[in-house]
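Taken verbatim from Swiss-Prot:
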REGION    1-226  region '2-C-methyl-D-erythritol 4-phosphate cytidylyltransferase'
SITE      Arg15  site 'Transition state stabilizer'
SITE      Lys22  site 'Transition state stabilizer'
SITE      Arg152  site 'Positions MEP for the nucleophilic attack'
SITE      Lys206  site 'Positions MEP for the nucleophilic attack'
REGION    227-383  region '2-C-methyl-D-erythritol 2,4-cyclodiphosphate synthase'
BINDING   Asp233, His235, His267  divalent metal cation binding site
BINDING   Asp233, Val234, His235, His259, Ser260, Asp281, Ile282, Gly283, Thr357, Thr358, Thr359, Glu360, Phe364, Arg367  4-CDP-2-C-methyl-D-erythritol 2-phosphate binding site
SITE      His259  site 'Transition state stabilizer'
SITE      Thr358  site 'Transition state stabilizer'
Amino acid sequence: MKIAAVIVAAGRGERAGGGVPKQYRRLGGFFVLTHTLLRLLHREVFDSIIVVVNPADADHIAAVEAELDIKLDTVPGGATRTASVRAGLERARDLGLDAVMIHDAARPFLGDALIDRLVKALADHPAVIPALPVADALFRGGDARMGDPVSRDGLYAAQTPQAFHLAPLLKAYARLGDTALPDDAAVIRAAGGEVALVPGEAENFKLTTRADFERAERQIMSETITVTGQGYDVHRLEPADVMWLCGVEIRAGLGLIGHSDADAGLHALTDAVLGAAGAGDIGQHFPPSDPQWKGAASDAFLLHAIKLLKQVGGELVHADITLIAERPKIGPHRDAMRARVAELTGLPEKRVNIAATTTEKLGFTGRGEGLAAQAIVTARLTT
C-alpha cells in the first residue's frame with residue numbers, strides 16, 4: 001500500500017497570537033511546521049509528503065524549505081479546512097497513491113508508535129483515527145453557571161493524523177460538496193462510512209492558544225539534548241600558489257595536498273558535524289576513490305553535513321576549530337576564516353572560534369611537512 005502524508009498547513013491560527021500563522025512560529029529554534037515534518041520525513045512508510053499551504057505564505061514555506069534544505073511538494077489550499085484537504089487528496093490521487101494520513105501542521109509531537117498503529121490498522125479498516133478517552137469531568141453551562149453533568153462514558157477526543165484508503169475518502173468528499181466539516185473522519189461518517197479508533201497520544205496535542213505554545217516549549221526542552229561532535233584531519237604541505245583553509249584562499253607559497261581542495265579546517269569541521277548527527281564520517285559520504293570529488297571545494301562537504309544534522313532534528317550552536325601548523329601563519333587570516341565558517345554554518349560569528357597552535361617543532365607539523373586541524377561542535381538535538 002502506497003501512503004501519502006498530507007500536512008494541512010493553510011490555516012491562519014489567530015487564536016495562538018504571535019502575528020504569524022502558528023505553523024510558522026518558532027518553537028525550540030525551529031518552525032512548528034519544521035518540527036512536524038521532521039516527525040514524518042524519516043519514516044519510510046510514506047511514499048510522498050504533501051503540504052497544503054496558503055498561497056500567501058510563500059515566504060514562510062521557503063524559509064521552512066531552507067531550514068530543512070529540501071524542496072517540499074506543496075499544493076494551494078482553499079478557504080476552509082475541508083477545501084484544503086480536498087486539494088491534498090487530489091494531489092495524492094494524481095501521484096497514484098492508495099492511502100493517506102492527514103495531519104495538522106500544528107501537531108509537532110507526533111510519535112513513531114502512533115504512526116505504526118495507524119499503518120497496521122489501515123490493513124483492516126478503510127478509515128482509522130487516533131483518539132483519547134475524555135478524562136475531565138464534563139457539564140453543560142451558560143451565563144457563568146454550571147449546568148447538568150454530562151457522562152464521559154464513550155466520549156473521545158479525536159487527534160490527527162487520520163488515516164484512510166484514498167478511493168473511498170475521495171468519494172465521500174465528492175458527496176460532501178461545499179459543506180465544511182470539522183475533520184476527515186466526519187466526512188466519512190457523513191457519507192455513511194465507519195471509522196475505527198486506535199489509541200492516541202497525550203503528547204500529540206494541537207497548538208491552538210498561547211498556553212499550548214508554553215506547554216510545547218516545555219515539552220521541547222524535555223525532548224532536547226545537547227550533543228557534541230569531534231573531527232580531525234591532516235594534509236601534507238607542499239610548495240604551491242594557493243592553499244584553501246577554513247574556506248579562505250591563502251597565498252603563502254604553500255598548498256595542502258589531497259583529493260579535493262584539501263581544506264583540512266573544513267574537513268575536520270565536516271566530520272565534527274557528522275559526528276553530532278550520528279552520520280559517520282566524511283569518507284563515507286565523499287570517498288576519495290570517487291573521481292567526482294577530485295578538486296572539489298570543501299564547502300559542499302560541510303553543507304551536506306549540516307543538512308544531515310537538520311534532518312535528524314539537530315541545530316548547530318557552536319563551532320571551534322584549532323589549526324596545528326608551523327606555517328602558514330594563521331593570525332592574518334583568522335578573521336576571514338571566522339567570517340567564512342559563520343557564513344557556511346549559519347552561525348553568528350561570536351559562536352565560531354578559530355584557534356592556532358604549534359607542536360613546538362615536534363612531529364610532522366613541527367617539521368613543516370603537514371597541517372592538522374581539529375574541530376569540536378556543539379548542537380541541540382530533538383530526540
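All positions are counted from 1 along the displayed chain.
Glycine is no exception: its Cβ is also placed from the backbone N, Cα and C atoms.
A quick note: this is a predicted structure, and the numbers were derived from the prediction, not measured.
Sequence features annotated in Swiss-Prot and their locations in the structure.
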residue	record	Cβ contacts under 8 Å, 6 or more apart
Arg152	site 'Positions MEP for the nucleophilic attack'	Pro133, Val134, Ala135, Asp136, Ala137, Leu138
Asp233	divalent metal cation binding site	Ala264, Gly265, His267, Ala268, Asp271, Ala372, Ala373
His235	divalent metal cation binding site	Leu256, Ile257, Gly258, Ala262, Ala264, His267, Gly370, Leu371
Ser260	4-CDP-2-C-methyl-D-erythritol 2-phosphate binding site	Phe286, Pro288, Trp293, Lys294, Gly295, Ala296, Ala297, Ser298, Phe301
Ile282	4-CDP-2-C-methyl-D-erythritol 2-phosphate binding site	Gly231, His267, Thr270, Asp271, Leu274, Phe301, Ala305
Thr357	4-CDP-2-C-methyl-D-erythritol 2-phosphate binding site	Thr322, Leu323, Ile324
Thr358	site 'Transition state stabilizer'	Ile324, Ala325, Glu326, Thr365, Gly366
Thr359	4-CDP-2-C-methyl-D-erythritol 2-phosphate binding site	Ile324, Glu326, Thr365, Gly366
Request  = Output the one of Lys22, Lys206, His259, His267 that, of all these recorded positions, has the highest number of other Cβ atoms within 10 Å of its Cβ.
outcome  = His267
Note = DSSP, reduced to three states, assigns Asp233 (divalent metal cation binding site) to strand
Query = If H, G and I count as helix, E and B as strand, and all else as coil, what does DSSP give for Thr357 (4-CDP-2-C-methyl-D-erythritol 2-phosphate binding site)?
reply = strand
Task = Looking at 4-CDP-2-C-methyl-D-erythritol 2-phosphate and its recorded binding residues Asp233, Val234, His235, His259, Ser260, Asp281, Ile282, Gly283, Thr357, Thr358, Thr359, Glu360, Phe364, Arg367, figure out the farthest C-alpha pair and report it in angstrom, whole number.
result = 30
Task = Could you please provide the mean pLDDT value for the region '2-C-methyl-D-erythritol 2,4-cyclodiphosphate synthase' (227-383)?
result = 94
Ask   = Cα distance, His259 (site 'Transition state stabilizer') to Phe364 (4-CDP-2-C-methyl-D-erythritol 2-phosphate binding site), nearest Å?
value = 20
Message = For the C-alpha pair, I'd like the distance in angstrom between Lys22 (site 'Transition state stabilizer') and Lys206 (site 'Positions MEP for the nucleophilic attack'), rounded off.
response = 11
Remark   = Surrounding the recorded divalent metal cation site, with Cβ no more than 8 Å from the Cβ centroid of Asp233, His235, His267 and those residues left out, we find Val234, Leu256, Gly258, Ala262, Asp263, Ala264, Gly265, Leu266, Ala268, Ala373
